[in-house]
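Let me begin by presenting the structure, written as structure tokens, before commenting on it.
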Amino acid sequence: MEHKEVVLLLLLFLKSAAPEQSHVVQDCYHGDGQSYRGTYSTTVTGRTCQAWSSMTPHQHNRTTENYPNAGLIMNYCRNPDAVAAPYCYTRDPGVRWEYCNLTQCSDAEGTAVAPPTVTPVPSLEAPSEQAPTEQRPGVQECYHGNGQSYRGTYSTTVTGRTCQAWSSMTPHSHSRTPEYYPNAGLIMNYCRNPDAVAAPYCYTRDPGVRWEYCNLTQCSDAEGTAVAPPTVTPVPSLEAPSEQAPTEQRPGVQECYHGNGQSYRGTYSTTVTGRTCQAWSSMTPHSHSRTPEYYPNAGLIMNYCRNPDAVAAPYCYTRDPGVRWEYCNLTQCSDAEGTAVAPPTVTPVPSLEAPSEQAPTEQRPGVQECYHGNGQSYRGTYSTTVTGRTCQAWSSMTPHSHSRTPEYYPNAGLIMNYCRNPDAVAAPYCYTRDPGVRWEYCNLTQCSDAEGTAVAPPTVTPVPSLEAPSEQAPTEQRPGVQECYHGNGQSYRGTYSTTVTGRTCQAWSSMTPHSHSRTPEYYPNAGLIMNYCRNPDAVAAPYCYTRDPGVRWEYCNLTQCSDAEGTAVAPPTVTPVPSLEAPSEQAPTEQRPGVQECYHGNGQSYRGTYSTTVTGRTCQAWSSMTPHSHSRTPEYYPNAGLIMNYCRNPDAVAAPYCYTRDPGVRWEYCNLTQCSDAEGTAVAPPTVTPVPSLEAPSEQAPTEQRPGVQECYHGNGQSYRGTYSTTVTGRTCQAWSSMTPHSHSRTPEYYPNAGLIMNYCRNPDAVAAPYCYTRDPGVRWEYCNLTQCSDAEGTAVAPPTVTPVPSLEAPSEQAPTEQRPGVQECYHGNGQSYRGTYSTTVTGRTCQAWSSMTPHSHSRTPEYYPNAGLIMNYCRNPDPVAAPYCYTRDPSVRWEYCNLTQCSDAEGTAVAPPTITPIPSLEAPSEQAPTEQRPGVQECYHGNGQSYQGTYFITVTGRTCQAWSSMTPHSHSRTPAYYPNAGLIKNYCRNPDPVAAPWCYTTDPSVRWEYCNLTRCSDAEWTAFVPPNVILAPSLEAFFEQALTEETPGVQDCYYHYGQSYRGTYSTTVTGRTCQAWSSMTPHQHSRTPENYPNAGLTRNYCRNPDAEIRPWCYTMDPSVRWEYCNLTQCLVTESSVLATLTVVPDPSTEASSEEAPTEQSPGVQDCYHGDGQSYRGSFSTTVTGRTCQSWSSMTPHWHQRTTEYYPNGGLTRNYCRNPDAEISPWCYTMDPNVRWEYCNLTQCPVTESSVLATSTAVSEQAPTEQSPTVQDCYHGDGQSYRGSFSTTVTGRTCQSWSSMTPHWHQRTTEYYPNGGLTRNYCRNPDAEIRPWCYTMDPSVRWEYCNLTQCPVMESTLLTTPTVVPVPSTELPSEEAPTENSTGVQDCYRGDGQSYRGTLSTTITGRTCQSWSSMTPHWHRRIPLYYPNAGLTRNYCRNPDAEIRPWCYTMDPSVRWEYCNLTRCPVTESSVLTTPTVAPVPSTEAPSEQAPPEKSPVVQDCYHGDGRSYRGISSTTVTGRTCQSWSSMIPHWHQRTPENYPNAGLTENYCRNPDSGKQPWCYTTDPCVRWEYCNLTQCSETESGVLETPTVVPVPSMEAHSEAAPTEQTPVVRQCYHGNGQSYRGTFSTTVTGRTCQSWSSMTPHRHQRTPENYPNDGLTMNYCRNPDADTGPWCFTMDPSIRWEYCNLTRCSDTEGTVVAPPTVIQVPSLGPPSEQDCMFGNGKGYRGKKATTVTGTPCQEWAAQEPHRHSTFIPGTNKWAGLEKNYCRNPDGDINGPWCYTMNPRKLFDYCDIPLCASSSFDCGKPQVEPKKCPGSIVGGCVAHPHSWPWQVSLRTRFGKHFCGGTLISPEWVLTAAHCLKKSSRPSSYKVILGAHQEVNLESHVQEIEVSRLFLEPTQADIALLKLSRPAVITDKVMPACLPSPDYMVTARTECYITGWGETQGTFGTGLLKEAQLLVIENEVCNHYKYICAEHLARGTDSCQGDSGGPLVCFEKDKYILQGVTSWGLGCARPNKPGVYARVSRFVTWIEGMMRNN
């Protein structure tokens, strides 16, 4: 359907659908529209009109003053000066004015109204303002004559480009505007002919094409005679004449020219070399003077070929910056044509340019391919030199500057880059385009005698050269010079001295630049005079050494003499002196037989001049080493004919070849064919014995014959031995022997029989087809672009037996083994069996190769899906999803379905798709695509369109839909993975949610989503089709993502009453401004959002009236105008449309429309109010909290707009309570500056019939719309329906008002809970708590339940309880309470008690439980905010974090928590089946995080999901270790026992997953490895139908308990990730650009919903890099407010790491600071051990052991063995405060200081070592040496003489924590020093830091703990960093695994003198308990710290770092059984520690 027909149909539809329009608004105009008075204000291109009274952005004189009767109101379309139709100036600065998008009224309308008489004020503007006066006769699709009378609406050029509007200057500035051509009909962008050229044309929207003729045809004769074109007299053009177009008719395209082409007026614009012409009016890229202004009669239009200055032929300047101008590729017309047209007389304006612009004046006699004499008369067009180089244009100075220009040689024919001889040298020549070769002779031959007598060369008198004499060439003829030679040229004695490439010969007697032995002394008879060409050693022809240092020698540019000449002169006898040079100087001896285009045999005898390879590359010269260095030179192969760059075969390979000029391709065979047999028998190839190759064997080429190119292969191609070397994507193959760019093992050494020669396609390891590694670093390998041979060929050759050397590469190198069955263009079923070669998506994108990770990293590779046919980039379905798909080459679109269709039924039954068992996907489920079929295209939808499965993808505004699987340009959660049944295929319109109609996200970044341009199916269709059941994944995206659910009523162009019910799609204001989207905050911030006004229809940017304004309005897109009323009219009020509304007519507000008020009068004074209180006129002035009201007329303390001016009927008297804007009750602003407003303390009057008022349904700022019932003193159900007025909590506290933020800030307001009845401070239950509650007025108690009781449950109450559906809260879940009802008292619990909801609140020792919402006496994080589904109500016993049973914090300050006094319920069948499903917190963001749960079988050898249901008998870990029995405590003590986990199947030692780990695991029987994952795989999807067991997914604990689930190793060091990084649990927190990550639980600077609560299983700890939503790699939000998120600077782990989970290894992470102290010093540098050996002045240091030049005796190595006095290195043996020094080598200066910088600290977090600790369970006594620097906070406390006596812990750069008893020997700080970063106790490493102690602080209550302040801060490195302090009063849970370290007594065990570690368990408080101390050890074994470790650390791992929980204090002996070690409890002293550090 044509565009115009669509427009007409749409207009008809709107006319029939819309109700009768107002008589004010006109949507059509009569005549020329002078009488039009409508309110339309949009132009034909959609631009908004500028107001007539405004001068911005366009100055004009069409104002009401100048045109008082023209109706110039606002920005409405008008016609003040009688042009063709109504128009306006636009708001777009780039477009001055346009006609309006209005149509003429029909005749019936036209006769009814006579346009008024309009007498405009005379125009005060220039005539450029005039517009055309003719009528619009309709649309014409052909034109008469030359089209000047054409007034159609066509706007497309002959090349399909869109026309630019005539009034627009973008992209082309011009003068064909309506102002200058008022009668030319220049409306919009329609094709016109304003200046009488050949046909209608227009300027184009393409910046690169100025104008083109339109794609219109001339009308037929019948049409042509019917209409006489009007007389058009255009206003004289005010533009430069350059705009003038040719005046002749358009007779067709002229492809030839007459004479010299001055009369040519065709449209050709291409030069002889194919370059595009530059426009004559353009100065880019070449500035010139041939412009239309200077040559007005030369027809210089656009970039057409012309001849303005009478040169030889039409020419033009080119678009190529390197070529100024060229002749055009036109031919002269034949004589018949030539006589028919006499060229016009052209008198050009004299040129204003330099004479260099002049072109030659001679005629173009045709192309000559030979020349006469020396070629001075040659005027052909040849432009290639003898070596194949392209000539430089004579007028160009690039790349060679010269003086042979047309200006200096005007008669030499220097046109373009044609070969010429301007200065009478030997033959035509030219400068070359090659910067390395200045000039060469051209590859032309002399004409024969017959030709020579026919043409007498002209007399050429060149202008004297202005160049340096070096440029001069000989001008005389050379009479005595021989220009040819006889035989091989040994007798040649001429004076020629130039080589074939134009180089000058070196003199034979000179050794510069080349040293040689061909001198006159050694060859006295060879005529070696000067630098003349000679042949002293009988090679093929005369040659010489060259003056070019890069080219040693070349043959001379001489030809052999003819036979006639040959008989006249007998060559002399030449006996050369034997050569003294190496044979490399030898040159070939054979004759030059001419040019051959085929070769015999293998081509060794070929002596032709062909120099192009099979791929079209140019050959490198054999004597050149650029770009490839080689040994096939004329010196080494003198008989091989290695002349210039001709194809040769010097070493007997398959065919002639050459090295190429392409640096990326070393060599290739030449594009030559073998000669036929007839030719082959005629010439016997000579015997060639080449000099042995001096190159490495890598240079060798294949030795087999070249039987022709094999372009197909047999079988799988193992026998293929062809020479093809290109992949299916066109990439060049990498040589098999090369390791660049890809290292591999498919080399000739390992596969000797596989034919791995050069880079030819091969199949060494029997994959599907020949392949190769590619030269592209981003693509490792691809199949080759070869096809299988036909059957006939296949039976003829048996592939050879190939036994490759076993592959040395990883299996990832393997390729699929299936055959290629041919090309399929349709697929069966879901396309799993498809094996075709299609590789294009539905949007036309090219597929990414499956084996490539660029641009998208993924796991669908041939390695993981070996049977899925993942060859090259062909469309496949490995998963399976709905249809074949692929990843795309477009970085912004990850994947799309392929543009394939399903095969027909006949085809479908013929092929059964194969059984495909893919390797389980290693990617996130977000990769999955929908599984439904494509049912065909539907162009209408049923109901709300949920069942629509058509293929439409255009929105109502014409935008293209974004693909559902794409996140560009809009990120979203409506993906096929989360809505698998919604049919989200490609970018088709769908309704997954469901909303009102099908919709989609758009590809326009500025418009997020729109409804699709679809209509609802007719009733007949509706009844015929039942939409399918659609089960939607619940949308968890932000509430503003939801669209309206009401039916689309169509387009409304009028509104009823105040427009509150208006749901149309109009979005323009009365001044023509575009509306801002309601959900957008740009450019205006506001609160009228869909979240706050969910029932107001705030969809997109449509006009609405959410708050009872007088009419629909919107915020505008103009930053300077906040809001305006919309350009809508009221609908005619009929009986059916009457609504009961208030009579509210306020004055228009200039601010947000919420400021409006009703107009009713005050009825008197009252103490209660009716309805919502809008009619209240009492004198009450106190709020619900007792605050006094602010006067309405006052702006203090709160500025506002509720004044009598804006609300004259609102009764705003004094400070009385009022309700001016339809709130839920009267209110006022308060006198309290901290509380803006509150509801008043008034009650509703008793509801009687007379008191019922009709109120508006809209609410301004907030509040629900339901009426308040009477007072209730009990509640039904959970109390959500309670609307009573009770406001006291269970403890008697008064409730806080819901609208108040004092004393507690919250979000339970009427905006977020409009249906929650949140009136005043009444008890309510807005969020489905277990009963009504409220915030309290007590600042110390945030909220409590109300003192209400449940109503008796009777039938009547059950039936009358209203249904209240609260709006979901958009606040953080911190406020949420459990939603389940209390089931009564439970005295037992099931499983681990996570489902327990009883009311017991007593521990096993009888202590009372602390309330979960309280922080007294124990601060904690088990609050409803973080555990919303854990039932954390009051102080009831619960198990929020998967402990072994319910527990609670206690009210006893000395006991942090205990298990509750509950027993486990008996395990019966019913109890197992009724175990509730505990689901995690549903994400309030996009549902992309949710994945479908897998089914679980009962017993199997694979596991489903995370393996919690696995009941198999596997008992081996991934590393082959045997599992420990679950009921055993040896070798690992644990709490995962059958008693504690009765439902987890903990039988024997079988692999299980009792606590929601990643997969089944077990404790191992290896004492050094606590646990590992089991060696199991996930079950395939086909097994997913087995019965599912109850799913218990607890929210993970945010606080460590004793048995943290073993879901990962302690994530201290992990700098790489596996797969896409979803499993990454390292601690890296820096992005690729170096930005720091934002904490996942923080909302600053970026608000988000990727929180630990919403993604409990994704490890969102602190600010560590993670991948919670299956992106391509770990990422994080950044701390940079301007950058929301970035990928992290992490790399993927190696393949070996990706296949198994290896035991923890020691990964040394490079320090981010200095690597050691070698390059810098700590403190005063006393410990400096670097190698600096010069002083600050640069003087060398004297060696410390030397006595010269300075004698010394104090500081020598023998007496200062600890000072490191090595060699002459700078040292500080005496602790000089100025730093290291040395004795100098200057005899006058004894010593000087060295310039050594201080070391800088690196940035490391506390408690996170950069080396993974060993965590060995042995004891220090038993000997477990720690990994060096894995406990970097360990301190060695020493005496000032260096003896170690105690340990300590670094807790900040300046502070060390140790035991107080370590400091009893001395109270002086100078007695002590500390050693940091040491691993050895005695032989200290060079990087250790030695720091003095400056102050001591003992704990004041005599606890065994003390603080040391260091004399300077320690430098934080990867070897020295602090441990973390615990939270104050934190209680370590019993059985927590902790670690002690130290160098203490080891009682003779292994590792003495090295830092040791040991693992201990914290002992229960009942066994060993004191509030100042904790106890820890293995009670049954000898593991303890000994005396030497006093003061050392006891650290426990929590979440992601090590916390210092204890300081080693004392114990009974050393590692005695049942005698635990005692440690000072650090958490008890944290307040004291922090105070000391802060105050000192």
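Every residue gets a Cβ built from N, Cα and C, even glycine.
Record features (Swiss-Prot):
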- 1-19: signal peptide (SIGNAL)
- 27-105: domain 'Kringle 1' (DOMAIN)
- Cys77-Cys100: disulfide bond (DISULFID)
- Asn101: N-linked glycosylation site (CARBOHYD)
- 141-219: domain 'Kringle 2' (DOMAIN)
- Cys142-Cys219: disulfide bond (DISULFID)
- Asn215: N-linked glycosylation site (CARBOHYD)
- Asn329: N-linked glycosylation site (CARBOHYD)
- 369-447: domain 'Kringle 4' (DOMAIN)
- Asn443: N-linked glycosylation site (CARBOHYD)
- 483-561: domain 'Kringle 5' (DOMAIN)
- Asn557: N-linked glycosylation site (CARBOHYD)
- 597-675: domain 'Kringle 6' (DOMAIN)
- Cys619-Cys658: disulfide bond (DISULFID)
- Cys712-Cys789: disulfide bond (DISULFID)
- Asn785: N-linked glycosylation site (CARBOHYD)
- Cys875-Cys898: disulfide bond (DISULFID)
- Asn899: N-linked glycosylation site (CARBOHYD)
- 939-1017: domain 'Kringle 9' (DOMAIN)
- Cys940-Cys1017: disulfide bond (DISULFID)
- Asn1013: N-linked glycosylation site (CARBOHYD)
- Asn1241: N-linked glycosylation site (CARBOHYD)
- 1273-1351: domain 'Kringle 12' (DOMAIN)
- Cys1274-Cys1351: disulfide bond (DISULFID)
- Asn1347: N-linked glycosylation site (CARBOHYD)
- Asn1381: N-linked glycosylation site (CARBOHYD)
- 1387-1465: domain 'Kringle 13' (DOMAIN)
- Asn1461: N-linked glycosylation site (CARBOHYD)
- 1501-1579: domain 'Kringle 14' (DOMAIN)
- 1615-1693: domain 'Kringle 15' (DOMAIN)
- Cys1637-Cys1676: disulfide bond (DISULFID)
- 1719-1799: domain 'Kringle 16' (DOMAIN)
- Cys1720-Cys1799: disulfide bond (DISULFID)
- Cys1741-Cys1782: disulfide bond (DISULFID)
- 1820-2038: domain 'Peptidase S1' (DOMAIN)
- Cys1938-Cys1996: disulfide bond (DISULFID)
- Cys1968-Cys1975: disulfide bond (DISULFID)
Self-check item: DSSP three-state assignment for Cys789 (disulfide bond)
Solution: coil
Quiz item: Restricting the comparison to the recorded positions Asn215, Cys1637, Cys1676, Cys1975, which residue's C-alpha is spatially nearest the C-alpha of Cys1017 (disulfide bond)?
Solution: Asn215
Quiz item: Rounded to an integer, what is the Cα-Cα distance in Å between Cys1351 (disulfide bond) and Asn1241 (N-linked glycosylation site)?
Solution: 27
Quiz item: Expressed to the nearest Å, what is the distance separating Cys619 (disulfide bond) and Cys1996 (disulfide bond) at their Cα atoms?
Solution: 71
Quiz item: Can you tell me how far the Cα of Asn101 (N-linked glycosylation site) sits from the Cα of Cys1782 (disulfide bond), in Å?
Solution: 90
Exercise. Spatially speaking, which of the recorded positions Asn785, Cys1938, Cys1996 is closest to Cys1975 (disulfide bond)? Use C-alpha to C-alpha, please.
Key: Cys1938
Exercise. May I ask which of the disulfide-bonded residues Cys77, Cys100, Cys1938 is closest to Cys658 (disulfide bond) if we compare their C-alpha atoms?
Key: Cys100
Quiz prompt | Secondary structure tally of the domain 'Kringle 14' (1501-1579) (DSSP, helix then strand then coil) | solution = 0 helix, 17 strand, 62 coil
Quiz item: Can you tell me how far the Cα of Asn215 (N-linked glycosylation site) sits from the Cα of Cys1676 (disulfide bond), in Å?
Solution: 54
Quiz item: In whole Å, how far is Asn329 (N-linked glycosylation site) from Asn899 (N-linked glycosylation site) when you measure between their Cα atoms?
Solution: 42
Self-check item: Closest of Cys1676, Cys1741, Cys1938 to Cys1720 (disulfide bond), Cα positions, disulfide-bonded residues only
Solution: Cys1741
Exercise. Could you check which of these recorded positions, Asn557, Cys875, Cys1274, Asn1461, sit within 10 Å of Asn785 (N-linked glycosylation site), going Cα to Cα?
Key: none
Quiz item: Of the listed stretches 141-219, 369-447, 939-1017, 1387-1465, which one has the most C-beta pairs under 8 A with the domain 'Kringle 15' (1615-1693)?
Solution: 1387-1465
Self-check item: Cβ packing number for Cys940 (disulfide bond), 10 Å threshold
Solution: 15
Quiz item: In angstrom units, rounded to an integer, how far apart are the Cα atoms of Cys1637 (disulfide bond) and Cys100 (disulfide bond)?
Solution: 53
Practice problem: Verify whether three or more Cβ pairs under 8 angstroms connect the domain 'Kringle 9' (939-1017) with the domain 'Kringle 13' (1387-1465), leaving out any pair fewer than 6 apart in sequence. | Solution: no
Quiz item: Relative to the Cβ position of Asn329 (N-linked glycosylation site), how many further Cβ atoms are located within 10 Å?
Solution: 16
Quiz item: To the domain 'Kringle 6' (597-675), which of 141-219, 369-447, 939-1017 is linked by the most Cβ pairs under 8 Å?
Solution: 369-447
Quiz item: Closest of the recorded positions to Cys219 (disulfide bond), Cα to Cα, picking from Asn1013, Cys1741, Cys1782?
Solution: Asn1013
Self-check item: Secondary structure content, the domain 'Kringle 1' (27-105) (per DSSP, counts of residues)
Solution: 0 helix, 18 strand, 61 coil
Quiz item: Given the recorded positions Cys100, Asn329, Cys875, Cys1968, which one's Cα is the least distant from that of Asn1013 (N-linked glycosylation site)?
Solution: Cys100
Quiz item: How long is the line from the C-alpha of Asn329 (N-linked glycosylation site) to the C-alpha of Cys1676 (disulfide bond), rounded to the nearest angstrom?
Solution: 60
Practice problem: Rank the disulfide-bonded residues Cys142, Cys1017, Cys1782, Cys1975 by the number of other Cβ atoms within 10 Å of each Cβ and report the first-ranked residue. | Solution: Cys1782
Quiz item: Looking only at Cβ atoms, how many others are within 10 Å of the one on Cys1968 (disulfide bond)?
Solution: 17
Self-check item: Site with most surrounding Cβ atoms, counting all protein chains shown within 10 Å, from the glycosylation sites Asn215, Asn443, Asn557, Asn1461
Solution: Asn557
Quiz item: Closest to Asn1347 (N-linked glycosylation site): which of the disulfide-bonded residues Cys100, Cys142, Cys789, Cys1938, Cys1996, going by Cα position?
Solution: Cys1996
